[in-house]
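In TrEMBL this protein carries:
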- C389: active site, nucleophile (ACT_SITE)
- H513: active site (ACT_SITE)
- E515: active site (ACT_SITE)
- S24, K196, T197, K198, P199, T200, Q201, K232: UTP binding site (BINDING)
- G25, L26, G27, K28, G29, I30, D82, V250: ATP binding site (BINDING)
- Y65, G362, L390, G391, F392, Q393, E413, R470: L-glutamine binding site (BINDING)
- D82, E150: Mg(2+) binding site (BINDING)
- 14-275: domain 'CTP synthase N-terminal' (DOMAIN)
- 311-532: domain 'Glutamine amidotransferase' (DOMAIN)
- 1-275: region 'Amidoligase domain' (REGION)
Amino acid sequence: MPQETGYDPDLGNKFVFVTGGVMSGLGKGITAASLGRLLTNAGFDVTAVKVDPYLNVDAGTMNPYQHGEVYVLKDGGEVDLDLGNYERFLDVDMTSDHNVTTGKVYQEVIERERAGDYLGKTVQVIPHVTDDIKRRIREAAEGTDVCIVEIGGTVGDIEGMPYLEALRQFSHEQDEEDLLFTHVTLVPNSKNGEQKTKPTQHSVKELRSIGLQPDILVGRNPEKLADDVREKIALFCDVPTEAVFSNPDVEDIYHVPLVLEDEGLDEYVMERLAIAEDALPAAERSTEWRDIVTRDATGEVDVALVGKYALEDAYISIHESLKHAGLEKQVDVNVQWVDADEMGDEHEERLRTADGVVVPGGFGARGTAGKLDAVRYAREHDVPFLGLCLGFQLAVVEHARNVLGLEGAHSAEIDQDTPHPVIDLLPEQYDLEDLGGTMRLGAHVTEIDEGTLAERVYGATECTERHRHRYEVNPEYIERLTADDLTFSGHAGNRMEIVEREDHPFFLGTQFHPEFRSRPSRASPPFVGFLDAVMERADVAAGTEVTQ
Ligand code: GLN
């Protein structure tokens with residue numbers, strides 16, 4: 001019953017639904033985000049929704065080894081890393097409402113049932129759960145022209161069924177030209193290099209068995225799909241050949257929109273959604289994206305990333321932020337992985353040969369000893385240093401221990417019995433029982449002191465960045481810590497937000513996570529400042545084409 005959940009089926013948006021076939025990890029999110037970028041370039045107001053069919057209410061309680069980094073939105077939403085890709089590709093700020101999870105949907109439906117909202121009815125997946133899914137998608141799309149809705153997982157997964165059923169219902173509730181079903185699937189190569197269509201056929205068959213007919217197929221293969229392969233897919237999957245698109249491997253994810261544009265995906269989508277007439281003429285579409293992402297690098301530098309999750313996705317926003325700074329300076333930033341938990345010779349060597357050191361955020365004790373060694377190394381050897389969240393906290397611990405001589409100083413998170421808890425729980429955290437969604441989260445303003453490195457980096461005396469932490473610099477130690485060249489140059493009330501060193505070419509730590517606001521066209525200031533220092537150390541000059 002649509003009225004029950006209060007959505008208006010006549011909201012005028014256009015929806016592009018993106019499902020995945022055959023296997024996960026195909027780059028479905030990047031494909032969807034790239035299409036969004038092209039529609040943005042054509043002058044449309046685009047947003048996105050990521051559906052995660054897991055039972056967690058949000059990604060905040062998940063180990064990064066499972067799903068990669070937990071991305072943080074300005075409203076404090078702890079969400080799937082795909083939202084980070086959408087924010088970076090579309091250059092928009094989203095809210096938690098743009099990440100629909102089964103946990104959120106069921107929590108709402110069960111709360112409503114307990115409140116008696118369903119008036120004696122049997123509460124069921126269809127229609128109550130599917131209605132709530134549709135309501136969430138429609139509400140997130142409100143006020144935009146096109147909403148891209150990516151369904152996580154692979155067609156056929158049991159958890160995804162209610163979502164696919166909700167999409168099927170959508171197709172009866174909206175005009176045909178308001179909806180487009182896009183299926184991203186794997187087209188593997190056989191041993192003798194032939195592109196095989198059978199897995200795609202099966203996955204489309206699966207979609208059709210639940211009442212969904214894709215309008216567009218995007219085939220992932222290292223190469224472009226051969227014409228006869230596209231024809232075969234079209235025939236078996238019942239779509240026109242023009243609706244079968246290639247999405248070959250590219251050297252950088254930011255090139256995917258360019259490839260899909262060459263393929264004509266954006267034109268086809270706009271035709272099918274009946275918005276082609278409203279699009280900016282092709283010649284007037286922003287070429288900014290192309291200019292930014294295809295700039296030639298004129299040099300390269302090595303940056304050590306000292307973390308504990310040996311998985312690139314666990315630090316994806318940091319990788320992207322370094323890349324954005326590199327795009328601005330026209331320099332390739334090679335990230336050298338240093339495993340803080342296994343500082344063997346190879347990792348030590350990477351740390352020693354790097355032109356800069358980044359210590360990222362993290363939770364728990366594992367790897368902290370290695371991270372502290374890395375901070376010390378950077379401090380003592382004048383290597384540019386950027387510490388983010390836990391990296392900031394450990395920079396303070398390292399100073400307390402090795403500069404001030406406060407033996408055994410630590411963060412109370414890592415050593416509860418430390419004689420010097422220089423990092424301690426935020427006061428409001430003491431009595432908390434739940435771990436989910438209870439950290440200090442989201443965008444907060446930091447006041448920056450004049451005449452500091454932080455002020456030079458931001459070019460301002462204020463910044464607004466996103467947070468995700470439970471611990472902070474212990475107010476009782478601030479005075480003692482602020483000695484021997486260490487300064488807290490950014491504050492939010494009595495909370496210390498930025499640390500820096502006067503005796504060092506570039507040593508900056510932030511309690512917040514600047515990586516969540518970095519965009520290809522607007523690199524994050526701390527990353528740009530850091531890269532400047534790294535380039536100076538490596539004796540690499542910035543490219544000359546820089547316009548920003
Ligand atoms: N574990 C630390 C805290 O909770 C740091 C958090 C982080 O790095 N995101 O304060």
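Glycine is treated like the rest: Cβ placed from N, Cα and C.
Bear in mind that TrEMBL entries carry predicted annotations, made automatically and left uncurated.
Close contacts with ligand 1, defined as a Cβ under 6 Å from any of its atoms, occur at R470 among the binding-site residues S24, P199, F392, R470. Taking a C-beta cut-off of under 8 Å and a sequence gap of six or more, S24 (UTP binding site) has these contacts in its own chain: G153, T154.
Neighbour counts were taken at the CB atom with a 10 A radius for the binding-site residues G27, G29, P199, G362; the maximum falls on G29. Looking only at Cα atoms, C389 (active site, nucleophile) sits nearest to L26 among the binding-site residues L26, K196, T197. Nearest in space to H513 (active site), taking C-alpha to C-alpha distance over the binding-site residues D82, E150, T197, K198, K232, is D82. The binding-site residues examined here are K28, R470; by Cβ neighbour count within 10 Å, the least packed of them is R470. Of all the binding-site residues listed here (G25, G391), the one with the fewest other CB atoms within 10 A of its own CB is G25. Here the candidates are the binding-site residues K28, G29, Y65, G391, Q393, and by Cα distance the one nearest K232 (UTP binding site) turns out to be K28. Sequence-distant contacts of L26 (ATP binding site), defined as residues of its own chain at least six apart whose C-beta falls under 8 angstroms from its C-beta, comprise G20, V184, T185, L186, R220. L390 (L-glutamine binding site) has a Cβ environment of 28 other Cβ atoms inside 10 Å.
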